[in-house]
Amino acid sequence: MILNCPHFQQQDCVSCQWLEKPYATQLTDKEIDLKRLISPFILQNFTEILPPVQSSQKQFRNKAKMVVSGSVERPILGILKDQTDPQSGIDLCDCPLYPTEFEALFPILKDFIARAGLVPYNISKKKGELKYILITQSRYNQSIMLRFVLKSEQKRPLVERELPNLLAKLPKDSVVSLNIQPQHAAILEGETEIFLTEKTTIEENFNDIPLFIRPQGFFQTNPNVASQLYATAQNWIKDLAIQQFWDLFCGVGGFGLHCAKALQEKNENVQLTGIEISASAIASATKSAEQLQLKNITFASLDSAQFALNEKSATPDLVIVNPPRRGIGKPLAEFLNQLGTPYLIYSSCNARTMAQDFEALSNYSLQKVQLFDMFPHTSHYEVLTFLVKKS
C-alpha cells in the first residue's frame with residue numbers, strides 16, 4: 001500500500017479506493033481510460049499526448065470536510081460510516097491527505113467546540129447544532145478559511161464569545177464564518193453565510209497570480225497540480241495571435257487571468273471576458289484582475305451557455321471552457337462549433353462528458369492532450385486539451 005492508512009486497512013474510510021494500487025499503475029490506468037474515451041479524436045501525426053502531470057501522494061489536499069459527531073465534550077471530526085447512525089463516527093484527523101498544519105488545528109477545533117457548547121447534530125434524534133466543519137488552507141500564506149455549518153444561529157453568541165481565543169491560535173489573515181443549514185438532510189451547506197471576521201476571503205497564489213477563495217465557491221483541492229494546470233494553459237496560448245478571448249465557467253478566474261497576463265505582456269489591448277454563474281467567484285476574479293493591474297478585463301456573473309448563445313460581439317480568437325462534471329452540453333458545443341473561433345481550450349474533470357462534447361465540435365481538431373493527476377488514489381483526473389479550427 002502506498003500510504004499507511006489504518007482507516008483504509010480497516011475499511012472505515014474507502015474514499016481512496018485505489019490506495020492499494022502502486023502510483024505508477026494508477027497513472028497508467030488513468031491514461032488508458034483517457035485514451036479510450038478520446039480515441040475517436042486522436043489524429044495520427046497531429047495530436048500530441050503529453051506525459052501526465054503527477055501529484056504528491058500525500059498531504060496534497062488544501063481542504064477538509066469534516067462531519068461532526070460524538071459529544072460536545074468529545075467531538076469526532078471525520079465521517080459517519082453509516083449515514084443514518086450518529087454513533088458510527090470515524091475520526092479522520094490523522095488522514096494522510098491533509099497538509100501537516102491541520103494536525104495542530106484539529107485539537108484547537110475540538111477544544112473550541114466544547115467551549116462554545118456546539119453540540120454535534122444527531123441525525124436520528126434531529127437534535128444538536130454543529131453539522132460540519134469545512135476547512136480550506138492557502139498554500140501561499142497558510143491562512144485558513146474555517147466554516148462551522150450549524151442548524152441555526154442559536155449558538156452564535158457563545159461562538160462570538162470564544163472567537164478571540166480561537167483567532168489567536170489561527171494563522172494570520174484567516175477567515176471564520178457560520179453557515180446556517182436548517183434542513184434535516186445530508187446537505188453540506190446552506191445559503192446563509194455569517195462572517196465572524198473582517199476578512200471574507202483567503203488569498204492563494206499560483207505562478208504570481210493572486211486568487212481569492214470565498215465560502216461556497218469552487219476551488220481546486222490540489223494546489224500544486226492546479227498551479228501546473230493553469231501554467232500549462234498559459235504556455236500553450238502565449239505566442240498565439242489573440243486579440244480577445246472568453247473564459248467560460250471561469251470560477252475565480254484561474255485560466256483567464258493566467259492567459260491574460262501572458263498575452264498582455266506582448267499586447268496590452270488583449271481583451272478577456274470571463275463568465276461564471278457564481279457572483280462571489282466573479283467578485284474574487286475581479287479583485288485578482290485589479291491587483292494584477294490588468295486592463296480590458298470583464299468578469300460577469302451569468303450562465304456561461306446563455307452568455308455565449310446570446311453574445312453579439314465579434315468572434316473571440318480563443319474560448320476557454322472549464323465546465324462542471326456534466327460538461328458544456330450539446331447546445332453550447334454546437335454553438336461553439338459554428339462560432340468558428342480559431343482556438344479552444346477545454347479543461348475537464350470528467351473525460352467522458354468532454355468526449356461527448358467533442359462529438360459536437362466536428363469543425364475542430366484535437367492538437368494537445370495532457371492528464372493532470374488532481375485526485376490521487378481515485379479513478380478521477382483532470383484533463384487539459386487544446387483544439388484548433390480545421391482549415
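Every residue gets a Cβ built from N, Cα and C, even glycine.
Just so you know, the Cβ of C349 (active site, nucleophile) picks up 19 other Cβ atoms within 10 Å once every protein chain is counted. Annotation source Swiss-Prot lists active site, nucleophile at C349, citing sequence analysis.
Per Swiss-Prot, [4Fe-4S] cluster binding site is recorded for C5, C13, C16, C95. In the three-state DSSP assignment, the secondary structure recorded for C16 ([4Fe-4S] cluster binding site) is coil. Taking the Cβ of C16 ([4Fe-4S] cluster binding site) as centre and 10 Å as the limit, one finds 21 other Cβ atoms among all the protein chains shown.
The S-adenosyl-L-methionine binding site annotation in Swiss-Prot covers Q220, F249, E276, N322 and is backed by sequence analysis. DSSP classifies N322 (S-adenosyl-L-methionine binding site) as coil under the three-state reduction. There are 25 other CB atoms within 10 A of the CB of N322 (S-adenosyl-L-methionine binding site), with all protein chains counted.
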Cα of N322 (S-adenosyl-L-methionine binding site) to Cα of C95 ([4Fe-4S] cluster binding site), in Å and rounded, measures 29
By Cα-Cα distance, the member of recorded positions C13, C16, C349 nearest E276 (S-adenosyl-L-methionine binding site): C349
State the count of C-beta atoms found within 10 angstroms of the C-beta of Q220 (S-adenosyl-L-methionine binding site), not counting that atom itself. 23
How many Å separate the Cα atoms of C95 ([4Fe-4S] cluster binding site) and Q220 (S-adenosyl-L-methionine binding site)? 19
Sort out the sequence-distant neighbours of C5 ([4Fe-4S] cluster binding site) for me: same chain, 6+ apart, CB within less than 8 Å of its CB, listed by position. C13, C16, L19, C95, P96
Please list, in sequence order, every residue of the chain apart from C5, C13, C16, C95 whose Cβ lies within 8 Å of the Cβ centroid of the [4Fe-4S] cluster site. L3, H7, F8, S15, L19, L92, P96, L97
